[in-house]
Structure formats: structure tokens, C-alpha cells
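Okay, so here's the structure we're looking at.
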Amino acid sequence: MANMAGGWQGFSMEDSRKRNIEMQENFKELSPAEVLVKLQRGNARFWTGCASRPEASAFERRAMIMQQFPSTAILGCSDSRVPVEVVFDQGLGDMFVVRVAGNSLDTSTTASLQYAVKHLSVKVLMVMGHEGCGAIKAAGLPIAQIEQEPQELANALKMLKRGLDEQRLKNVHDARAYDREAVITNVRRQVEGLCRDAAIMKKVQNEELIVVGCFYEISSGIVDFFMEVTEAPTAAAEPHLVMKGVHSGVQSRMEYHVDQTPKADCEGSEQGVIFKRQVSFTPPAQESAPVKPSEGDGIHMRYAMALA
């Protein structure tokens, strides 16, 4: 009989199979909203210095050999200061992690996230940027300076640069606010890219998946869940920003129109989502005030949204 507490005492492959089935059943019972709360609470433990730092026993690790059941997929930055499992106080098998400089979408990162959504059935899909991102800072340099870098690096920076909306960022004069707004703009662009995928949007529509954009503040340890994706109540050619999230602890939502138009008639690249070729969000009215998190959340978070 396996001793799960000790981790080493006489477990068999049959014990591991049974445990794997239990893990699968536990995964199926989780709703996307519950997974999101789990991430928020894990981050709260981290930045308050109360992290549980979960470790799997030998028995648990053996049970994971057969199949994985991550509840979250995340596109994060490769920066050494942003280890996502640590930031969210998660353990082995909890998160499907894709890390690349500037947390940007390309063929490899997109394919990895598509795999997580389609084959692993993750409940939360997250793009997370962070304070002081070197890739975003470098992408803001003049093209002539960027082109002095090695070819692959220069190409990656120019790809990031195209989505930064530098004309709008020129209106931000405080250095720290500029850093945050540049990173958030990039996160928003990557989320928009993911939402071109009809399969992802279909899961959002069916409430099987929550897609969120986050900003990690290295100096405090706090992750700001500043945006989530929802289906637009009415047809719209462009995504629309609403300054009130659907789920607790999320500052705003980006509404997308999910359509069943045949692919040949669809303006976007994928059936089921209508997009213009150059995607941009519609900002809220200037008088729209940010919504504070519920007092009953039990989790303190800081929110900021710089409007155009």
C-alpha cells in the first residue's frame, strides 16, 4: 500500500495509475473561475511572504508520468526574475508554461498554447508581462539601433515594436508609468493575437476557458489581472474595452464578437472570429472610472489602467 505522505514507502505502478485517475477527476471538477481564484490566491501568498512552495512527493511525480493535467497555460517572459510557478505559488503539473523574451506570439509559442487549450483542456489561458522588461525597452529603440543586433534578435524586437503604439506612448511622460503602459500594450496585443483563434474563442464562449492579460510588478511581487476576454453582446468589427471585469479581481474586459459566419465570408483569418487586419481596441469613455475589487475578495491588489 502506497504511503503518499512519506512518498517513498512501497508504491506500485497500479497505485500510481489510481492516483493519476484521481488527479484527472480533480482537474475535471475545477471550473475556470476556480482556477483563476487559485492563481490570485497563490500570488497573494507569494507577495505577502506566505508561499506554501508545494513540492510533489516521489509518489505524486510517478503518478504524473502517465498524463499531465495543468489547469493553466501561460505565455510569460524568459526574464530570470519572473519564474511563473514561484510567482503564483504553484507546484509540479499545475501550469503549462511557455516563456520567451517579451512574452510574444510566434509559430512555436502559439502552437504550444494551442496544444494546451485543445489537448490539455486548460481552464485559464494567460499572457503575463512584467515590470522592467528588457525586450519591451529594446523594442522601443530606433530601428537603426535595433538593426545593429544579431538578425534573429533584431527581427524579434521589430515584431514587438510593431504592436507598441508608440505614438500613444509618447503622451506618457512618467518613466515608471511609461514602462507599465508599454508592457501592458504588448500583453494586450498578444491576447488579441490569441483571440484570432476560433477554437480558443469558442471555449471562451462556452465558458470552458478564461483568457486574461496580466502585469507582474517585480518590485512588489503583485500580479495585476488587468484584462480578461469575453464575448461581445452585439456584433462588432473591433474588440471593445469595458472597464469592469466579469470575474472578481480582474480590472477590465475586452469584448470580442464571436460569429458563426462561414470562413470564406469572414473578415478575419479564422472562422468564428471577425477581425480587421490591423486589430486595435476601442477605449472606454474618459469618464468611465475603474471598478475597485470587491471588499470580500480577501486579496489586496493594485490596479492601474492608463487610458489613451
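Every residue gets a Cβ built from N, Cα and C, even glycine.
According to TrEMBL, the protein has these features:
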type    : residues             : note
BINDING : C77, D79, H130, C133 : Zn(2+) binding site
**OP:** Would you mind listing, in sequence order, the residues at least six apart from D79 (Zn(2+) binding site) in the same chain with a Cβ closer than 8 Å to its Cβ?
**Re:** A101, H130, C133, G134
Subject >> Residues that sit under 8 angstroms from C77 (Zn(2+) binding site) by C-beta distance, when 6+ apart in the chain >> reply: R99, V100, A101, G102, N103, M128, G129, H130, C133, A135
Original post:
To test your reading of the Zn(2+) site: which residues beyond C77, D79, H130, C133, same chain only, put their Cβ within 8 Å of the Cβ centroid of those residues?
Top reply: G76, S78, R81, V82, A101, G102, N103, G129, E131, G132, G134, A135, I136, V183, Y216
